[in-house]
């Protein structure tokens, strides 16, 4: 039982069996005009969402919310994963329903929070799929507030398409969130350099970053970072506070600043105004105006070196970090795609976000496979998008199950978080960590039928070079594929014909304007794109060119 919600129809009280049959019909969840009863002590039980995570749906059920939680905080749970299209608040029951724009976004969100316990206001909350496929809400006061908050967020997100977001959108977001769009960031245990660019890459995943100033105070590397809106600042703080950038060090402490905007005078390696590319570089040292200095009780000019000072304090114990610091975090954060310098550190074995750099079980159990079509090679290619696959074993007596051994635990987490729930050969695969620590090769003479393969020395490994740029381009499965290593003689029609030859539908194609060795191709569905990647990655295009295929974050 997941608590209490109103009757689905107005004016009639249904028995539990009738209500349950309505819930599992996968119709829309209609929030009736009796919504206020649900926020009081109504006793009608809702039996629809009684599973652990459930069957994927755009609608997500959130339970055990703090009684004083705001609509904005609930919306912020979904923002890192895509657009939130509807919200239903049941405050009296400490519950909510979030509707995402796509099932893929909802699936990524649930996968993430399955690994990383979500925390709001210091309280763990619970997230699972709802039986409902969409939400419909009425105009009761509680739902009106939720819709107003949702509209404010959407207007801000629309404004984010341009760096200079409209003042109205920013004001709407400010009114909803009630805080500054400026974050104060302290990096503790600074054993590796954290540059302005690293901060920009990490924090840009939560919204448009307008300005950053870095400085050193009290022997601590600090930064002020201004978003285009306070909603982005809010969910960046919720998601990143207490996280480690690199393994067991460089811990982020994040608070809201008293400032509402930053005044950046120079664009250099210490400060940057992304809305003003015309600013001079100055002397590579940012200066804070007197208002800012007063806010920090600091002199106008901060220390020239952000890495000065040898004594770094121990990691600050943030309650929220306790909810985030679990072994699965590295993989769970992967849908947010923290790239570039941080990913390069991952390739060098330093990334931690938090506490997992090569540690943990590297063997995955993959189930619900199509036994008629799955092969070790297809699993090697697909899982190889997220790490270097060492061995694959399809179980001899249960061919719908397989073991996939990655190079380390972080790669296993990455593959699991991105691929769990996606369709392969017409079936939604399920991926969990295996109890096995390695995949055993068959003994000599043991019947295997080619179901176990060793790929330890495969030339197709994408991440074998330390610091490989491929770590910067890891994305969830999508309908759009990134193609590279295309020879000059191969045309758009050639590639379209190649990708449609296996029954897929090509919906769009575009060569890169500056480099015709690369292109984007859009398939008819995510499942078609997955199949095309498996079949055509490393395809021989002639002229000693083998096609490279990966998932893209872009669309055509």
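Heads up, the Cβ atoms here are built off N, Cα and C, so glycines get one too.
What Swiss-Prot says about this protein:
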- 1: N-acetylmethionine (MOD_RES)
- 16: phosphoserine (MOD_RES)
- 35-54: region 'Disordered' (REGION)
- 58-142: domain 'RRM 1' (DOMAIN)
- 64: SUMO2 cross-link (CROSSLNK)
- 126: phosphotyrosine (MOD_RES)
- 137: phosphothreonine (MOD_RES)
- 140: phosphoserine (MOD_RES)
- 183-259: domain 'RRM 2' (DOMAIN)
- 217: SUMO2 cross-link (CROSSLNK)
- 362-436: domain 'RRM 3' (DOMAIN)
- 436-458: region 'Disordered' (REGION)
- 458: phosphoserine (MOD_RES)
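Beyond its flanks by at least six residues, the region 'Disordered' (436-458) meets 361-363, 376-377, 380, 388-396, 399, 403-405 of its own chain at Cβ-Cβ distances under 8 Å. The subset of recorded positions (64, 137, 217, 458) lying with their Cα within 10 Å of the Cα of the residue listed as 'phosphotyrosine' consists of 64, given in sequence order.
Here the Cα atom of residue 458 (phosphoserine) is found 48 Å from that of residue 64 (SUMO2 cross-link). Just so you know, the Cβ of residue 64 (SUMO2 cross-link) picks up 15 other Cβ atoms within 10 Å once every protein chain is counted.
When the Cα atoms are compared, residue 64 (SUMO2 cross-link) and residue 137 (phosphothreonine) turn out to be 21 Å apart. Working note on the recorded positions 126, 137, 217, 458: by count of other C-beta atoms within 10 Å of each C-beta, 137 ranks first. Comparing residue 137 (phosphothreonine) with residue 217 (SUMO2 cross-link), their Cα atoms are 49 Å apart once rounded. Across the domain 'RRM 3' (362-436), the model assigns an average pLDDT of 92.
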